[in-house]
Each structure stands twice: as C-alpha cells, then as structure tokens.
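The domain 'ABC transmembrane type-1' annotation in TrEMBL covers B:75-264. Residues annotated as transmembrane segment in TrEMBL: B:12-37, B:74-98, B:110-133, B:145-164, B:185-208, B:243-264.
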Amino acid sequence: MKADHVLQPAAMTAGKKVKHANARKEALVGWLFLAPELIGIVVLYVFPVVFSLYLSLSDWNLVGGLQSIKFVGLDNYVEMFHDEKVIHALKNNFVYTLLTVPVGMALSLILAVLIHTKVYGQDYFKVAFFVPYISSIIAIGAVWSALYHPSLGPINQFLTSIGVSDPPKWLADPDFALLSIAIIAIWAGIGYQIVIYMAGLTSIPDDYYEAASIDGATALQKFRMITLPLLGPTNSFLFITLLMGSFKVFDLIAFLTSGGPNNASTVIVYRIYEEGFVNFRMGYASAISWLLFAIVGVVTFISWQIQKNKVTY
Amino acid sequence: MTRYGKIDPGKLVVTVLMGAISLFFLIPLFWMASAAFKYEKDVMVFPIQWIPKAWNAVGNFKAVWMADIPFYTFYWNSIKIAVIVTLATVVFSSMAAFSFTKLNFRGRDLMFGVLLTFMIIPEQATLIPRFMFIRWLGLYNTHEALIVTMMFSIYFTFLMRQFMLGIHTDFLEAAKIDGAGYLRIYWQIILPLCKPILATVGIIKFIWTWNDYQHPLVFLLDKDLYPITLGIQLFKDDYADNYAVLMMASLSAIIPLVILFIVLQKQVIKGISLGGVKG
C-alpha cells in the first residue's frame, strides 16, 4: 500500500501522457470513420446545392463544356417568375399537396385505429395495405394507366355500366390528370402512413383507455380525448414527411403524363427534369432547383419553429 | 375482451368489413395479376373476367422474358445496383454512427448537428450539378453513376446513431485502454450488436433503391443497363396497346419484393416505423 502511494505521482504523469496520445488517436480514428459519409454528402449534396446557385445565374446548355458557361445575372429568375409552365407547376404542386396530404392522413388514421383496436388478424391488414407501398411505383403506375384507360379501362366501363354517361378521361383529361395521379399516390402511400400511425397508437398505454372506460367514455370520446392528443407527435411527423414528399413528386408524373395534357399535371421537379435533361438548359433548371430548395427550406424552418413551441405530451 | 378467449361479435363484424375493404383496396393488383395471364383481346372485356377464360400465360411470359432485351437483364441490373448500394449504405452509415456514438473527440456533436441540417437539401435540387459531376468523372451511362450517387444517406446514419446510443458499451473504454484496435471494436463488437438495425436499414434501402426511377432515368442511356423501373417504361412505350404484356412485366417486377416483404415483414414494418417514433 505505502509503496503504491509513493509511486503514484510518477505513474499519473505517465498515465496522462498515454491518455493524451490515446485521445489524439481516438480523434483521428473518429474523423476517419466519419470521412466516407461526410465526403460523400458534401460532394454529392452540399457542394452541388452551392454550385447550382452559381449555375442558376448563368446560361449553359451542357454541350459546350464548362468554358461556355455564360454569366447572365438574375435573368433566369426573372424568366422563371414569368414562365407560365413554372407558375402552373407551383399551382399544381399546391393542389397536389391539398389533395394528397389531408385525405391520405385522414384515411390512414381511420384505418390504423380500426386495425389497432377493432380487428382480428392485425398482421394480415398491415401486410395487405402495405403491399402497394413496397411495389415499384412505376409498376403500380403501369397498372393504373390501364385501369384509367378512357374508353376501354375497367374504371370507365364500370362507370358507364352504372349510368354515368360521360365519365372523365382521367390521365388524358386536363381537369382530371392531377387528381388521377393523386389517387394513385394516396393508394400507394396509405400503407406507409398506417404503419406510422400504428407505431404511434401502440405507444399509448392501455391504462388510459381502461380508465376512460370505467368513467363511461364512448369510443368517440376516447378517440377525441386520448388518441388524437397523444398522437400529436406522430401527426406532425407524418404531416411534415408527406408535405415534403408532395413537393418532390416526380415519378408518377414523369412516367404517366410527362406533365400533360397541356401542363395540367406538371410540377416543380418535373420542370427541373425537363428544362435540364430534355431542353438542356442547365442554368435555368438550376434556378428552378433553387426555387424548390427555397420552398422546402422555408417549410422545414416553419415546422421546426412550430415543433419547438409546441407542448409535448 | 379477446384476452379471455371470447370472441367479441362487434370486433368480428369490423373484421369482416375491413376484410372487404382490404380486398377492394387490392383490386388493382388482382386486376394486374389476372390481366397478365390473358390474351390482349380479353383484358378490357367488361364485366371483368377475374379468372381468365382463355389463358395466355406462356405467350405473355415469353413476350416479357424473351424480348429483344430480356427481362432478366433488367432484373440482374436492379439486383446488382440495389445490393451494392445497400451494402455500401449500411457500411458508411454504420461507420459514421459508430464514430458519432462510441468515439470521443472534439467537434463530434457539432458535426452531427451540421450533418442533420444538410438533411434539408432536397435531393432533386442537386440533380443537375450531380449529373455534371458524374459526367466529369466519366461515369455517365454506367451503373457506378447510380451506385455513387445513392450510397450516402444522412437519414440512415441518423437511425443507426439512435440505435447505437441505446446499446450500453461502457466496457469499450476498457477495451480502448487495452489497446484493442478501433476497427476491431467496430467490426467485432459493435456491428454484431447492431444486427437488428442493420437488417432494417438494409431492407428499407434495398426496397427504395430497387424502386428508384429518377436516378436511372437521368444517369443511364443504354437500354441494356436499365433497371426494372426503366424496363417497365420500355414495355409501356413498346406495347402501348398490349396491356396483357405490360401487366406481365409489372407483375414480374412486383412479385419478388412482395415475397421479400412477406418473409421479412416484421423488420420492414419496424424499420418504417422507426422514422416515425422519434418524430
């Protein structure tokens, strides 16, 4: 014991040195483990966003090589806000969001509550509603393109058979194209939303419901007073996720309508794609990219503020 | 009430109703499966022949799987891309998550915060510079282009970090002092403990990559490099008036994922709900 005490000071300084060297090594290793992910994200997402700001102030058609990039100031932005297709796209994005987000959330909440509390064989229902979500949206789109066929498709044949004389032409109809896309998107996405809601519902303790039952609460009262408030965080998560998703909608539109007929279903991301990769106007497409970034950024910022100020249950 | 082994009649009624709703919900998929086995002239017949009167399974199958570019080419491309992207994502995300949770160094948590704010960048807003970058690397029109652009994910790094925070590894300090190599700690201690999250992240990333449409659309030119999503596009263009073949192609594309999902449903559903629980 005594000998230990005597030795301690020397051992401590040596220990410190070792510790110091270890800490430096750990820091180095730490950064090395982060490196691939960080470099990848910076090179593929952060740098491109900054670079596209520069591109958006220029005129470049991809063919001429980087030397032929011509600085044009804010021309692209000025053009963008006067471009009927872009304005149309913004409007369509807005309508698409209004069509898909509230309906999708309401339907999936009802189904999730029913599956959670009122049915036998929960697993079957989870799987059944989830299958469209894991199926390729392109294969799904192909199926619906047949179902929507204006004259021969089963939907319109059914409508005609029950006496609808002039059924809509769905994807080929300027008034219905966006709605048709929204229906497919709701159908394909509902399984995901049900799963998220089920996770939220499972986290609500059974005791609350039992206590409410003892107090004689009806099912509807329980839903309003217990389920809905306690699903608050799930609701806001889903809302933000779906909102963001709806701004970025592309696949179904590119595959089924190419934004048509008559730009009736064109959206922001489709404009980026068409201006960039069909018309090869990289500068202009970058300006639209920044419009998308700005919209997503503002909405994210607002939702963060709201979440910060909200009382969590 | 089921707790006591009794059958609740109200619940039974709702179950039957929901069963009917779920079947109605799945009609598009039933219709697809049935059309895939029909002659084209029977596809649009109304009332719908749910079970084909005349079967053309072989004809449609041949049209899809023995076309000029046979469907298995698209399959192979999809498998190759999705497997490599999934493995790379799991490795890079778990390495970063390991560093964020089990190694101590200055600036670590700040870096994580910065990385999280990068999540705000919409992938599509970076498409054009990424395309230029890929072309500059000489990777345009290769599978590598897709692999490189899809193998990094802040979201999955975040999910893995959440999981790793929850596993207690105080003993790591002792292992570190003993001079155990960090690579060994990561590979032989942490990764085995993380199997559940590796599986869920892997499955979800695989499904997303398999179903990706925009990246191949932008980065690929040659048809024999196409994954399944673009393959279906080809059938839609080539067989504009032959829905039976198009449905056979769609069915062929969907079947493996549905089987994979039914086998691994617990992990898939858990993985999907992980994102929502944190909020």
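Note that the numbers count up from 1, one per residue, in the order the chain is shown.
The backbone N, Cα and C atoms fix where each Cβ goes, glycine too.
Nobody curates TrEMBL annotations by hand; they come from automatic prediction.
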Stretch-level contact, the transmembrane segment (B:12-37) and the transmembrane segment (B:243-264), CB cutoff 8 A, at least 3 pairs:
yes
Contact ranking winner - B:110-133, B:145-164, B:243-264 against the transmembrane segment (B:74-98), Cβ under 8 Å:
B:145-164
Intrachain neighbours beyond the transmembrane segment (B:243-264), with Cβ under 8 angstroms and 6 or more residues off its ends:
29, 32-33, 35-40, 43-44, 56, 60-61, 63-65, 71, 199, 203, 207, 210-211, 228-229, 231-232, 235-236
